[in-house]
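Here TrEMBL flags Arg41 as L-glutamate binding site. Residues or ranges marked as pyridoxal 5'-phosphate binding site in TrEMBL: Trp100, Thr149, Asp169, Gln194, Asn248, Thr249. Annotation comment: TrEMBL describes 5-359 as domain 'Aminotransferase class V'. The N6-(pyridoxal phosphate)lysine annotation in TrEMBL covers Lys195.
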Amino acid sequence: MRVKNFSAGPSGLPLGVLKKAQDEFLSYHQKGFNIMEVSHRGKDYEAMHNGAIAKIRDFYNLGDEYAVLFLQGGGHMQFAQVPMNLYFGGVAQYANTGVWTQKAIKDAKILGINYEIVASSESTNFDEIPKNIDFSADADYCYICSNNTIYGTQYKSFPNTKGAPLVIDSSSDLLSREIDFKANNIGLFWGGAQKNAGPAGLTLVIIRKDLAQRVQAEPKGSFKAPFFGHVPTILSYKTQLEANSLANTPPTFAIYMLDLVLDWIKEQGGLSAIYKQNEQKAKMLYEIIDEDDFYTGHAKSHSRSLMNVSFKTPSAELDARFVELANAQNMIGLKGHRILGGLRASIYNAVSIDDVRALVEFMKEFRRTC
C-alpha cells in the first residue's frame, strides 16, 4: 500500500510515473537496456534529453533567447554559481524571505561581491513576502526565492525589476504554474527536481542566453570581485549552454524521470490544470486552519503558499501527537522544519486531492478528540 506523502522534499512522485519507470527499468523502449546504462552521447539518450528540453520550452512558452540546462549540485551550487556568472561589477540585489535566500546571500558575501538586501521579512519570522520590493534598474541581477518551504510563503506575482534580470530560485514550486518569462524580466530561473520534477540529483536551469556570456565579458562596474576571469569551467553556464548540458556526464536517470514527469503533467492538462488542482488542495487545508483557533497557520493570508502549508496546534506536545497518529494512518512527512517547528503539509503536484481530503478529515478528528 502506498502512503500519503506530504514530505517537503525529496517528495512523492506520481504513481503513473513510477510504474512507467518500473516497466522500462530493464528495457527502455524495449531495447534491452536501461537509459542510465548507455552513453550520454548516444542517439537513444540524446533523443530523450532533447525531448525533455523541448517539453519544458513548450510548458513555459520560452523564446529563442532562453536556454534550458540540466545541471547538478542542487540549490547550494546555484547560490554560488549565480553570482560567479551574473555579477558584473555593479550591485546584486536580494529579497530575503527565509533560509534559502539567506544561504544565497551568505555565498554572495563569501564570494566578495557588492550586494544589497533590498527587502526582508525576517523581523516577523518570514511570515510574508515583503511588500513593495524596490529593485533597481541598474542592478546586475535581482534575486528572489519564489516559494519558501519552511515558512509556507509564496510570491503570487513577481516584483518589478525595472528591466534588470530577475533570478528566481523556484525549487519548491517548479512546474506548478504558468510563468511569462519575458514579461517578468526573468534572466535566470532554477530549481532542484526533487519536489515537483523528479528525484534528487538534477537541477533545472533556464537562462537568458546573453547573460551566460557575462562570464567572459569585461565587467561594467568598478567593483572587482576576486573570481572575475577565474570561474571554473564546470561552473560556467556558458560552458554548459554550448555543450547542451553535456560538458560532463549529466544525471541521466534523473533526467529520464523528469521526462516522464513532464509527460504526466501534459496528461493532467498542462501547467494551468496543475495550478488549479494546487489551488483546490491548498484551499481545503487553509479552510480548516481558519475555522477556529485550534490550528494556527504561520504565513499571512496574502502570502500563503500553494505548495507548503506550515501550521501548528496549541502545543508542541500536540504537534508531536499529531505526527505520531498521522504516521499510524500512513500519512508521512507532516513534521515541521526544525527551524520553525510545528507541522507542515507539502502538497506538491503529485499529491492528489483525495490525499489532501484524507488529511483534512484526519485534522478534523484530531481536533475533536484532542
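Here the Cβ of each residue, glycine as well, is placed from N, Cα and C on the backbone.
Minimal Cβ crowding within 10 Å, among the recorded positions Arg41, Lys195, is found at Arg41. Averaged over the domain 'Aminotransferase class V' (5-359), the predicted model reaches a pLDDT of 96. Maximum intra-site Cα distance, pyridoxal 5'-phosphate binding residues Trp100, Thr149, Asp169, Gln194, Asn248, Thr249: 31 Å.
Around Asn248 (pyridoxal 5'-phosphate binding site), a 10 Å sphere centred on its CB holds 13 further CB atoms from the protein chains shown. A sphere of 10 angstroms centred on the C-beta of Asp169 (pyridoxal 5'-phosphate binding site) encloses 27 other C-beta atoms.
Close to Thr249 (pyridoxal 5'-phosphate binding site) in the fold, though at least 6 residues off in sequence, lie His40, each with a CB less than 8 Å from its CB.
Sequence-distant contacts of Gln194 (pyridoxal 5'-phosphate binding site), defined as residues of its own chain at least six apart whose C-beta falls under 8 angstroms from its C-beta, comprise Gly9, Pro10, Ser11, Ala200, Gly201. Taking the Cβ of Thr149 (pyridoxal 5'-phosphate binding site) as centre and 10 Å as the limit, one finds 24 other Cβ atoms among all the protein chains shown. Look at Trp100 (pyridoxal 5'-phosphate binding site): DSSP puts it in a helix. Just so you know, the Cβ of Trp100 (pyridoxal 5'-phosphate binding site) picks up 20 other Cβ atoms within 10 Å once every protein chain is counted.
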